[in-house]
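I have placed the structure first, in the form of structure tokens, so that the comments after it can refer back to it.
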Ligand SMILES: Cc1cc2nc3c(=O)[nH]c(=O)nc-3n(C[C@H](O)[C@H](O)[C@H](O)COP(=O)(O)O)c2cc1C
Ligand SMILES: C=C(O[C@@H]1CC(C(=O)O)=C[C@@H](OP(=O)(O)O)[C@H]1O)C(=O)O
């Protein structure tokens with residue numbers, strides 16, 4: 001399974017094509033819309049999210065509620081396009097009608113300057129339109145297809161917020177269902193309610209200060225059998241693929257599995273997860289400090305992965321930069337931006353992880369037809385339980 005996305009932030013629409021989804025899998029627009037709506041809802045976002053009402057139009061690959069096995073095409077309209085038609089249209093503009101104001105002032109922390117140097121655009125709108133995290137709506141659409149597939153294979157996945165601006169959520173003991181409800185309903189998507197309130201205050205304060213803040217998201221995957229992924233080549237290690245997908249989310253700067261960087265400070269006896277077996281469950285671990293991976297393969301324990309998001313680069317509080325035309329130093333000022341997108345990013349992270357996890361299952365089992373994939377995974381689960 002693979003996917004591509006196309007579309008600019010203030011262009012007509014975002015398009016996602018997912019290829020390699022098995023035939024005969026139940027799939028409804030509703031499955032995708034639930035994810036799109038969740039991505040839009042996080043606390044701390046700017047005015048753009050009041051303009052957009054992300055809903056999918058499935059334009060190919062699904063008939064009467066089931067996948068065909070052909071590529072799935074999905075479209076999400078940009079409602080903001082109506083305000084940008086003159087600036088973002090595809091037709092050439094007559095010089096006297098050209099109302100475009102060139103963007104020549106790169107923002108520190110965004111893709112503006114490096115993108116301009118690479119693609120040779122002197123109007124950095126040509127960079128920021130595509131580097132914008134608006135594109136994550138298209139990725140969430142792809143991830144929602146993967147989540148639907150996982151759900152029908154007995155694998156559930158949820159993303160939530162662990163930390164914002166140094167405020168840490170306490171370890172909680174919620175079930176998967178509870179985690180999902182909180183991720184759905186809490187504005188800041190934090191499992192620890194008290195910490196969540198403080199996070200919202202920190203976001204309000206950052207807004208007041210014209211600043212931005214970052215944080216840490218966590219994704220939790222339950223129900224994956226052991227032995228998915230592979231150790232035989234660097235590019236078949238599933239933890240590596242997940243890390244790459246998480247790191248590729250706009251503004252993400254690092255990834256950890258389980259206790260993550262803490263492993264560097266502990267002895268081996270306090271890091272590795274002891275192996276046990278019983279008739280009902282087969283092999284299991286007495287702890288899950290390694291976050292569900294050994295040797296690039298799942299251990300059968302929940303996958304626990306964290307991603308670090310830096311603060312949003314577009315700031316009301318100006319940072320210094322250089323105009324690429326005049327070379328003058330200026331203080332960047334902006335019209336609108338998110339102050340904190342960590343709660344929204346938790347949903348994005350959930351979906352990019354879902355895609356990698358689903359794809360690993362497809363790579364390992366015959367998958368042209370969904371019912372046969374279900375059967376193959378069921379048989380494998382039985383085999384490894386008694387192994
Ligand atoms: C959900 C989400 C919303 C974002 N919103 C903004 C925003 O409003 N303003 C902004 O400058 N950056 C925003 N970003 C971050 C930028 O897109 C990102 O920093 C930029 O593309 C540069 O890439 P890099 O930070 O990965 O190097 C957002 C990121 C995510 C995941
Ligand atoms: C549009 C989305 O996020 C955008 C991501 C983003 C950026 O620079 O990454 C900048 C902002 O866009 P605008 O300049 O239009 O206000 C965010 O709103 C979205 O998440 O759907």
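Glycine too: its Cβ is placed from the backbone N, Cα and C atoms.
The record from TrEMBL ties 130, 131, 132, 250, 251, 295, 310, 311, 312, 313, 314 to FMN, and of the options 105, 265, 266, 336 it ties 336 to that site too. Residue pair residue 314 (FMN binding site) / residue 45 (NADP(+) binding site) shows a Cα separation of 12 Å. Under a cutoff of 8 A between CB atoms, and with a sequence separation of 6+ in the same chain, the neighbours of residue 251 (FMN binding site) are 133, 214, 309, 310, 312, 313, 341, 345. A straight line from the CA of residue 132 (FMN binding site) to the CA of residue 39 (NADP(+) binding site) spans 15 Å. Screening the binding-site residues 130, 132, 310, 312 for a C-beta under 6 A from any atom of ligand 2 leaves 132.
Cα of residue 45 (NADP(+) binding site) to Cα of residue 130 (FMN binding site): a span of 19 Å.
The least crowded of the binding-site residues 132, 314, judged by other CB atoms within 10 A of its own CB, is 132.
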